[in-house]
Amino acid sequence: MVDVDHHSTGDAAAPESATQGTSRDDEVPDRTPAAKAAQARCLAALEASRPRPTTDEEREQIHHLQQELKQAGLVEEPHVASWLTERCARRYLRSHRHHYGPARDALRRSIQWRLHTRPESAQCQACERNPRAHTYRRVGYARTGEPVIFSVFAGGEDLVPRNNVEHLMVHLEQSVGSGARWPDRDPYPETYIWVLHFAGYGLRHMNPAVGRACLKLFSEHYPERLRMALIIDAPVVFRGLWLALRPFLEAQTQDRLVFMSERVSAQAFPLLFPPELCAWFAREFREVHDAGALKCKDIWSERSPARDADRQPLEVLFPGEGKTNTEGTEQRA
């Protein structure tokens with residue numbers, strides 16, 4: 001966990017994927033020391049979570065995992081078979097530090113959960129009843145290719161743990177899970193970047209039950225999916241809740257959290273996000289502080305870079321990696 005407004009850092013080498021084709025000095029003018037620290041911390045988090053190809057040892061473990069689960073009769077349903085990809089098994093292995101038994105048991109639990117819950121076809125019931133229930137949604141893509149998800153406390157009216165878990169599940173499935181537009185295989189993205197703004201955070205949000213329930217979902221059924229979380233303007237009163245939730249986060253996940261102020265984010269974001277998404281965040285950050293704008297805001301119909309990107313074929317989003325046919329089925333180029 002890094003608070004870039006209160007910690008200094010030396011220069012960090014930028015991952016190639018984060019800066020390829022980008023002139024950072026041209027696009028991030030007038031960088032303050034705090035912004036430089038934020039950029040360095042973000043680059044360090046990206047480097048720590050950089051996608052790594054499957055090793056020979058992992059490939060052997062993955063083969064045994066898939067065979068054992070098939071022999072146990074757990075992969076008979078088509079939606080489970082399509083979910084249990086090489087990368088899926090790899091994520092569970094890496095999450096459990098390549099300990100075969102714990103990774104296998106975690107996969108078993110997730111398969112049972114998927115058979116019971118059917119997340120690939122679920123809808124957020126709370127949002128269907130009240131479109132202002134939750135704010136967590138995909139808004140664009142990072143320079144590194146990952147989907148970017150945004151949420152803010154202001155405007156979200158539902159605090160029921162079960163409802164929040166269902167909402168996260170639905171949007172994770174749509175962003176990087178079974179509902180993603182690309183297949184779960186290298187080199188397509190398997191992780192996402194989360195931007196969480198604390199505007200509107202108050203006493204009603206300090207019940208740790210919601211946070212614990214969400215962290216449980218992330219760790220048990222979506223391991224190794226978070227590339228980085230950018231936490232904006234977390235107030236001092238959040239410290240107590242953070243101390244209660246922190247033990248539920250693995251050290252490698254904590255290393256992917258970067259705390260920064262909204263002021264600093266304006267200078268740090270151009271390193272991470274393309275101009276259209278930076279402009280979207282600038283408008284959004286103004287609105288989250290405007291009570292009048294929030295009352296009439298309809299986040300589910302507003303335009304965002306993600307909606308624009310969804311109209312583009314995969315070969316435009318990921319040049320040279322794949323193409324879609326007229327039915328929308330991805331084919332390898």
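Positions of Cβ are set from backbone N, Cα and C atoms, glycine also.
TrEMBL lists 1-40 (among others) with the feature region 'Disordered'.
Broken down with DSSP, the domain 'CRAL-TRIO' (139-285) shows 70 helix, 26 strand, 51 coil. Under the heading domain 'CRAL-TRIO', TrEMBL lists 139-285.
For the compositional bias 'Basic and acidic residues' (303-313), the list of distant contacts is 137-141, 147-148, 181, 274, 276-277, 280, 323-324: same-chain residues at least six beyond its ends, Cβ to Cβ under 8 Å. Here TrEMBL flags 303-313 as compositional bias 'Basic and acidic residues'.
Residues annotated as region 'Disordered' in TrEMBL: 303-333 (among others).
Residues or ranges marked as compositional bias 'Polar residues' by TrEMBL: 323-333.
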Can you give the mean pLDDT for the domain 'CRAL-TRIO' (139-285), rounded to a whole number?
-> 94
Just give the helix, strand and coil counts over the compositional bias 'Basic and acidic residues' (303-313), going by DSSP.
-> 6 helix, 0 strand, 5 coil
